[in-house]
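Colleague: Among the features that TrEMBL reports, domain 'SET' is placed at 67-291. Feature annotation from TrEMBL assigns S-adenosyl-L-methionine binding site to E83, G84, L85, R225, N245, H246. Sequence annotations record features per position, and here TrEMBL assigns substrate binding site to R225, R229, D242, H257, Y290, Y303.
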Amino acid sequence: MASVFSVHPLPSSSFLCPLKTTKSRTKQYQTCYTYQKPILINSLQLTELDPKIPEPVQTFWQWLCKEGVVTAKTPVKPGIVPEGLGLVAKRDIAKGETVLEVPKRFWINPDAVAESEIGNVCSGLKPWISVALFLLREKWRDDSKWKYYMDVLPKSTDSTIYWSEEELSEIQGTQLLSTTLSVKDYVQNEFQKVEEEVILRNKQLFPFPITLDDFFWAFGILRSRAFSRLRNQNLILVPFADLTNHNARVTTEDHAHEVRGPAGLFSWDLLFSLRSPLKLKAGDQLFIQYDLNKSNADMALDYGFIEPSSARDAFTLTLEISESDEFYGDKLDIAETNDIGETAYFDIKIGQSLPPTMIPYLRLVALGGTDAFLLESIFRNSVWGHLGLPVSRANEELICKVVRDACKSALSGYQTTIEEDEKLMEEGNLSTRLQIAVGIRLGEKKVLKQIDDIFRERELELDELEYYGERRLKDLGLVGEQGDIIFWEPK
């Protein structure tokens, strides 16, 4: 599911800082509780599922049937799939056909928290934190409405936030490692605050121990399973719907909708409606697209898997205007006028062109010396246009050198070469997490090499580029077609 959290970026400290940049869900399922009122289900529902499916999932399915979320017309059911657990088609399904609908009363979101016993004490918290506490409380309660849903949630995923120190060492030098450590610090700090301000002060509402590991579990569940693209819903867990796995063959994200419809025998409610983005035959797995814009590093962090295709390989270049720059104020004003800022992040993907605003921003950051006249107020409305083309040889040479030096520095931080990682991938037999690690570091290095190649070729063209001075002379009619300066003789 789409990520719904924002984590403060790592601080940048230089002109260009290569900083920032989650296999499908685990097969483990929790069976924490032993007491619950029995569910009576007819024999048809009991025989629908593959007997190899874990008992908690079968019980969860029976609960969905009892609550009317699943009916005889529901065209999908849980099944054993390569990812572990997923939803498979019971019959042929047309593209765009509605495959499931879940009434709002089963959603877990900030509204559900607000209506619960902990609603008052959670009212001032970040939405994800309030939902995390709600999850932990419902997981503890024997009489929770979501008891059977809690029992099928995985104990963890392969997200890098759950990796051991030894496993994290395999992504040494990557932006993913920096991001993972930053996220872990963020979650730990948030836990310490909510523990002191809410949990310990309201023991009657939280009469059970909540550890940092528990909090990380809830964070990981939300990060990997929450939907965030519904109208008026930025954070929502939807039991049953979140069993749907991701597949790169799905290239659209318009599968989930909020509709109004029948939610019981005599009631109407908002429904989470999921449509199949692909045409399916009976027995095929139902897939959706989690997020088209996430890089493989994002996928590894959020979901615990990456796509084998290199299309999601990316590296983020971080540029900033230094406060010690003598033209800091002017440069910042120009950047903000063009919807950027003191610090700018540029996501560069394998096989794609550089972001269109990256080169102008680089030229702005590097502007100085005899080129500083472009920072004068008279040029304020036109300077960004000038920065879209080479300013001077010195400026262009500087940005090439800075970017190439940054690439070389970043590449030196990896413990393996591109060739070594490619050999590991070809040999196979890698554990799930090691495969993620090798895929991430290989992808980052390939993108860095691509960036370096772009600016190396640019360096070779420095003598052939047309700079501001020459363009200005042409505009004034003072340069001929061959580039010769024209001297006018007075009559």
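Placed from the backbone N, Cα and C atoms, the Cβ positions cover glycine too.
Keep in mind that TrEMBL annotations are predicted by a computer and have not been checked by a curator.
Quick one: where do these features end up spatially?
Modeller: Over the domain 'SET' (67-291), the average per-residue pLDDT in this prediction is 94.
Within 10 Å of the C-beta atom of Y303 (substrate binding site) sit 26 other C-beta atoms, taking all shown protein chains into account.
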Colleague: Max Cα-Cα distance in Å among E83, G84, L85, R225, N245, H246, the residues listed as binding S-adenosyl-L-methionine?
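Modeller: Largest pairwise Cα separation, rounded: 15 Å.
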Colleague: Could you state the whole-number distance in Å separating the C-alpha atoms of L85 (S-adenosyl-L-methionine binding site) and D242 (substrate binding site)?
Modeller: 11
Colleague: If you count CB neighbours within 10 Å, which one among the binding-site residues H246, H257 has the smallest count?
Modeller: H257
Colleague: Please work out which residue of E83, D242 has the most C-beta neighbours within 10 angstroms of its C-beta, and give that one of the binding-site residues.
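Modeller: Sorting the candidates by Cβ neighbours within 10 Å, the top entry is D242.
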Colleague: Including all protein chains shown, what's the count of other C-beta atoms within 10 A of the C-beta of Y290 (substrate binding site)?
Modeller: 23
